[in-house]
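Chemist: Structure in structure tokens, see below.
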Amino acid sequence: MSSSLFAPTIETIDYPFPPKPVPLSDAQKADYKARIKQLLIEKDAVLVAHYYTDPEIQALAEETGGCVSDSLEMARFGRDHPAKTLIVAGVKFMGETAKILSPEKTILMPTLEATCSLDLGCPIDKFSAFCDAHPDHTVVVYANTSAAVKARADWVVTSSIALEIVEHLDSEGKKIIWGPDRHLGSYIAKQTGAEMLMWQGDCIVHDEFKANALRDLKSVYPDAAILVHPESPASVVAMADAVGSTSQLIKAAQTMPNERFIVATDRGIFYKMQQAAPGKTLIEAPTGGNGATCKSCAHCPWMAMNGLKAIEASLSNSDKTTHEIFVDEDLRVKALIPLTRMLDFAKTLNMKVKGNA
């Protein structure tokens with residue numbers, strides 16, 4: 001049984017949700033896609049998109065020889081691809097991770113305003129002070145963090161390898177600081193028995209899944225398997241037939257015998273999940289329930305900012321200040337250390353690291 005301790009609660013953040021991109025007509029979409037395809041060739045660029053972006057963006061990445069995956073695989077694909085420029089359709093920390101692994105490349109994003117509640121909820125000054133107050137602890141941070149927070153950490157982990165790394169550190173008798181996702185941290189502590197001092201951040205999408213409403217939905221579809229990302233509350237995770245990272249949930253939909261799945265993660269994943277399990281029915285897990293309203297409604301508002309118009313602008317604008325990612329070199333070198341530590345650990349386990357981030 002774990003005896004996890006919690007960090008002092010940081011003040012509640014009222015996240016400023018961005019406006020959604022203006023819907024485009026089919027003709028406009030076709031024009032933007034054609035223009036983007038041409039610009040990718042002209043600029044020696046490749047498009048990498050996260051599982052949580054809109055389906056048409058994921059499809060465009062696939063059509064143009066790019067990549068659709070989690071943030072770390074996006075960064076690794078970009079590092080290993082010969083293109084000199086990477087267009088990262090995702091949120092800002094993903095662009096930073098790509099820059100950390102590919103400092104010599106130009107990293108562009110459709111918008112630098114696309115952020116993440118986990119990143120916003122873990123400001124480096126407060127997190128660093130918290131770590132300084134517990135110098136005997138090993139600092140483990142989730143990949144969904146800023147370059148500065150990664151640079152302050154001993155280990156960076158994705159959701160698919162977090163259990164193994166925490167288990168390893170616990171077996172060595174290490175005390176652990178975990179940040180920033182409290183739900184994922186609680187899940188790991190419960191699974192491993194490790195004592196973890198936890199930062200109190202959460203993902204606005206996963207935090208909204210409701211156990212009571214999920215129970216009601218399950219009664220409507222009793223034959224459906226419930227797939228849950230561990231950034232969800234413990235009450236939701238407890239109902240899962242499979243818990244895992246984005247890649248692991250896609251694999252579960254593909255391999256489990258059920259014909260129906262209730263999916264508790266960002267609905268952007270349905271595009272690749274349906275590809276992997278073409279004959280199966282995917283149902284969104286409820287984020288409201290009992291008259292409650294949802295804020296994110298199972299889709300990250302910042303991921304939704306990655307529209308065709310913004311991607312075209314990132315490639316065509318001569319002024320890159322609103323699109324290009326820069327990471328201070330000293331910070332980059334420091335952040336690369338815990339990232340490399342994770343990748344090396346994964347090699348010893350002979351596993352390919354995929355996570356949510």
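Backbone N, Cα and C atoms are what each Cβ position is placed from, and that goes for glycine too.
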Chemist: Report the candidate from Ser25, Ser71, Ser117 that shares the iminosuccinate site with His50, Tyr142, Ala143, Asn144, Ser159, His229, Pro230, Glu231, Thr246, as recorded in Swiss-Prot.
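Modeler: That iminosuccinate site, as Swiss-Prot gives it, pairs His50, Tyr142, Ala143, Asn144, Ser159, His229, Pro230, Glu231, Thr246 with Ser71.
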Chemist: List, in sequence order, those binding-site residues among His50, Tyr142, Glu231 whose Cα sits within 10 Å of the Cα of Cys203 ([4Fe-4S] cluster binding site).
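Modeler: So the list reads Glu231.
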Chemist: When neighbour density is defined as the number of other C-beta atoms within 10 angstroms of a residue's C-beta, which of the binding-site residues Tyr142, Asn144, Cys203, His229, Glu231 has the lowest density?
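Modeler: With the binding-site residues Tyr142, Asn144, Cys203, His229, Glu231, fewest surrounding Cβ atoms within 10 Å: Cys203.
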Chemist: Same chain only, sequence gap of 6 or more: which residues have a CB within under 8 Å of the CB of His50 (iminosuccinate binding site)?
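Modeler: Residues satisfying the criterion: Val68, Ser69, Asp70, Ser71, Met74, Ala89, Gly90, Val91, Met94, Gly268, Met303.
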Chemist: Determine which residues of this chain, when Cys116, Cys203, Cys300 are set aside, have a Cβ within 8 Å of the centroid of the [4Fe-4S] cluster site's Cβ atoms, and list them as they appear in the sequence.
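Modeler: Checked against the 8 Å cutoff, the neighbours are Tyr52, Val91, Ser117, Leu118, Asn144, Ile204, Val205, His206, Asp266, Ser296, Trp302, Met303.
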